[in-house]
Ligand SMILES: Nc1ncnc2c1ncn2[C@@H]1O[C@H](COP(=O)(O)OP(=O)(O)O)[C@@H](O)[C@H]1O
Ligand SMILES: O=P(O)(O)OC[C@H](O)CO
């Protein structure tokens, strides 16, 4: 009997392959970081072939190193950094240019122009998104306008567009598909009708022939070819990483919220079958679509989302950019050397600011330095910045939500940091709960694939597998919290609009 689900988690900084057993426990894991490219201020690129090769390498390694055969695997679930845009030639399978990463700000001017033409309301109404360079649609427009011959080749039907899920499924199986959660981040997809939208395609000048077929997030979408794992394997789950993490955290009832601390930080609230509209600059997004049974309509779940562009990446910057730590995890001990931030505030707006500011022209700043400031203060300020940004997002979410938040479920690489999690609880004034499995992104993709193939049978079974590792209770006095947040907002003011003359 097949024993495992194979989850492929293609994140912004690394590719991971994880085998999950029937109890939702990690049986084996392989991970590989890959190169980030910053060719100009505000630009972020990946080599799409690096993405594919690193993902294939870890997937093959997790089987080989653990003596697991394709026959032991029920199915593959894929989850991915979202919005990152790949365009490739259908015949050769080669990308026509570097992938434009979700953090890339190069299309901020195009977003301004579309806003000036009064298109903001159209995009908000149909896609649930704000007009920001974050999303895939304007990145795709940029490629068609700037890569030599791209538009002519696209018009002839020679080029395919996809986000990273789509690119990986294409390389694994030859199929050109995406799921509704990823499509909902494109500015081209009507989230209410669950279809690509001609009017949006016309505004962004994207030919329909480039777009992938949209499939359910849980359902057999394609077969990975035998050449990769020894036998064909069904790809039965696909979801954007933040939506998959929401599933992996078992946030399956309305009002449940999770926050994932990876490269960026993303807070998602389950709103059920309703696409709730935010009055506070949150995004409305598709969580997942479950395939229909017995001819019934597919079930789509919606979410409200707050997106922070730089979270764990600020720690990486201290590691790789400044060299003040050698491993990301070293930051906790360094920050703990200072009893508080010593008045230092770090706004890591390296690629602008997301929710609730939506300012592509903001850039990073460090304020409040004195002769007494040390690298421990800087480390502390970096960690605190993650918690302050999250507090800003939660404030927006609480204004939108009818029900006050009881607890925040957390996961992702930086959620392993106890100092950060305690400070986070202090800043939010609600308990922060970390589950035993913090690889919830991969777990969510495994669950989606497992539900489609009968490995697991119901959402109730999945909810029952979620278990607490540690709960962080808020303990800070309200006046100290208010003082810290007041100074944080003052520091944000220094970063806002920095690139504007
Ligand atoms: N102990 C830690 N404290 C703070 N940040 C950490 C810690 N460990 C890892 N990180 C950060 O978490 C991020 C990696 O988390 P991960 O969930 O793998 O992200 P992604 O999926 O975006 O690649 C990196 O940015 C790293 O700097
Ligand atoms: O790589 P992560 O985990 O920070 O996630 C990136 C998001 O999907 C971007 O929207």
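Including glycine, each Cβ sits where the backbone N, Cα and C put it.
Among the features that TrEMBL reports, domain 'Carbohydrate kinase FGGY N-terminal' is placed at 4-248.
Per TrEMBL, ADP binding site is recorded for 12, 16, 263, 312, 413, 417. Sequence-distant contacts of residue 312 (ADP binding site), defined by Cβ-Cβ distance under 8 angstroms and a gap of at least six in the same chain, are 261, 262, 263, 264, 265, 328, 386, 412, 413, 414.
Shown in sequence order, 9, 10, 11, 79, 80, 81, 82, 260, 262, 441 are the residues of the chain, 6+ apart in sequence, with a C-beta less than 8 angstroms from the C-beta of residue 241 (sn-glycerol 3-phosphate binding site). Annotation note: residue 241 (sn-glycerol 3-phosphate binding site) sits in a helical segment as assigned by DSSP. Taken from TrEMBL, the feature sn-glycerol 3-phosphate binding site covers 12, 82, 83, 134, 241.
Per TrEMBL, ATP binding site is recorded for 12, 13, 14, 263, 312, 316, 413. All protein chains included, residue 263 (ADP binding site) registers 28 other Cβ atoms within 10 Å of its own Cβ.
In three-state terms derived from DSSP, residue 83 (sn-glycerol 3-phosphate binding site) belongs to neither a helical nor a strand segment and is classed as coil. Residues or ranges marked as glycerol binding site in TrEMBL: 82, 83, 134, 241, 242.
What TrEMBL lists as domain 'Carbohydrate kinase FGGY C-terminal' is 258-452.
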* At the Cα level, what's the spacing in Å between residue 12 (ADP binding site) and residue 83 (sn-glycerol 3-phosphate binding site), rounded? -> 11
* Asked: Could you give the Cα-Cα distance between residue 13 (ATP binding site) and residue 83 (sn-glycerol 3-phosphate binding site), in whole Å?
  -> 14
* To do: Would you identify the secondary structure of residue 316 (ATP binding site) according to DSSP, in three states?
  => helix
* Cα-Cα distance, maximum over 12, 13, 14, 263, 312, 316, 413, record's ATP binders, Å -> 13
* Asked: residue 417 (ADP binding site): which of the binding-site residues 14, 83, 134, 316 is the nearest Cα neighbour?
  -> 316
* Compute the average pLDDT of the predicted model within the domain 'Carbohydrate kinase FGGY C-terminal' (258-452). => 94
